[in-house]
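The transmembrane segment feature in TrEMBL is assigned to 18-40, 145-168, 174-194, 206-226, 232-253, 274-294, 314-334, 341-362, 368-392, 404-426, 432-453. Residues or ranges marked as domain 'Major facilitator superfamily (MFS) profile' by TrEMBL: 18-458. Look at TrEMBL and you will find 457-470 tagged as compositional bias 'Basic and acidic residues'. The region 'Disordered' annotation in TrEMBL covers 457-500.
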Amino acid sequence: MAGCCQWMKKQWESRAPVLFVIAVAMFVDCIQFTIIAPIAPALLYEMDYRNGNTTLKNSSGRYPDSSYDALSNVSHVDNSKNAPYHDQFFNESHRNHSECYAGKDFLNDENVRVGLLLAIKAFVQLLTNPIVGKLINRTGYDAPMFCGFIIVFISCLMFAFVNSYVLLCVARGLQGVGSAFTMVPAMGMLAHLFPDDAERGKAMGLAMSGIAVGVLAGPPFGSAMYEFVGKSSPFLVVAALAFIDGALQLCILKPTKLSPMSVPETPYRVLLTDPYIIVAAVGLCICNLSFGMLEPTIPIRMMETMCAPPYQLGLAFLPCVLSYLICLNLFAGLSQKIGRWLCIMLGMMVVGISVLFMPLAVNIYGLIAPQAALGIGFGLFETSMLPIMAYLVDLRHTSNYGGIYAISDIALCVGYALGPLCGGAIAKAIGFSWLMVILGIINIVYAPLFILLRSPPGKEEKKPVLSNEEKQEESEESRPFPTYATHRPESQADSLCLQK
């Protein structure tokens, strides 16, 4: 720990201000990303009720006209108190177990809409990442990152004031564009500033602490602010944080100065056909697919079976993110000693095992151990995955990091896009328990493939080894002009004459 503190003190004199700005940018992006996940079911529930689109069924499974009339009567009674219906729905202290299940059919149908809302961000980010990777080669890292701040700020304001599902989806898509313009330049800038592999791992661990804190603060902060202050309040706070981040970028970085990359880029086609990069990218996709499926399904599972109020929906992820935050810096040095490939493999196995235990929880306390184990697995996995991506491109290609981190972010986005979208639909079709079993098995089965990253060959190792004669023949054939007129034998004859 003392060594880490000394390293931080040394870096503060040179590169640490940039590292701080990157960590703040990642924090703002991730807290905005995680705020919406736990409150989305309650938010859509309130919107549907207020707009008269509720699909609550009665005990016979039909959609009677009296259902909406009954809800309307409740609304008229409670208008004087400014209490929305969803607060009554979640107030478990005044309801018995049977009344808590009154909206179970609606919540089950809500899986798909919540999943779509959460997945739109990743789909848009997936399409934007290659564009950002190409743009970095022409402008450098600073300008695209500042554009990301502007887009994130606008999307925060949209989330705060829109009142329809369609506009929420638009704001979520705009957030995806902002994330692409934030994450790809941020990771590329870190890899560029810290060329040494050991320093790079420590720097990325510290920068990713911003991600961990954002993920940690987002769900409980968003849930509490939504229930006790109002729908707009969490997004306005994040908009203020984004504005501070933009001011820091103007002071420390140079977003108005375009600095094209001096190192030639490696084409996406070459990177995507590299088998070692493919193994790493697919693993990154699967691991984030698991978390993406948990985000919408865990809150709905808690609402269906645990009668959980809104503030508990975000607290369920607290053990996961706390252990993730601790492990990011704890395993940064360990992964360098025992091997990044081993940390990645162990992390993916731990993720798979923890997912298998999720359905056994019957209350919020039963989720603590599986969620904490999930955070440890993600800490082991991501501490080594992002540095090993830069290491692979240094070893096998050119040290231009825009393309490799665009691919990394694409893999992450595929997981986060398919996760919420397919997770909600699969949970509705086969049940939450079977979904967790499938996810756990996929992670455990794929993890051993990371043995391939133990000692990947470099660029020079990809060429066949030639004998000395073949090398001489190849060098003579490659000469532009014949050299027999000025070759060594004549000079040797002249020396013999001089000796005589």
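The backbone N, Cα and C atoms fix where each Cβ goes, and this holds for glycine too.
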Chain residues in Cβ proximity to the transmembrane segment (368-392) (below 8 Å; excluding those fewer than six residues from its ends, i.e. six or more beyond): 187, 191, 197, 200-201, 204-205, 208, 274, 276-277, 280, 283-284, 287, 291, 294, 316-328, 330-332, 335, 340-341, 343-344, 346-355, 357-358, 360-361, 401, 404-405, 407-408, 453, 456
Quick one: find which recorded stretch in 145-168, 314-334, 404-426, 432-453 has the most Cβ pairs under 8 Å with the transmembrane segment (232-253). 145-168
Between the stretches 174-194, 341-362, 404-426, 432-453, which one has more Cβ pairs under 8 Å with the transmembrane segment (274-294) than any other? 404-426
Per-residue pLDDT averaged over the domain 'Major facilitator superfamily (MFS) profile' (18-458) comes to what? 79
With pairs closer than 6 in sequence left out, are the transmembrane segment (341-362) and the transmembrane segment (174-194) joined by 3 or more CB pairs under 8 Å? no
Using Cβ atoms only, state whether the transmembrane segment (18-40) and the transmembrane segment (341-362) have three or more pairs under 8 Å that are 6 or more apart in sequence. no
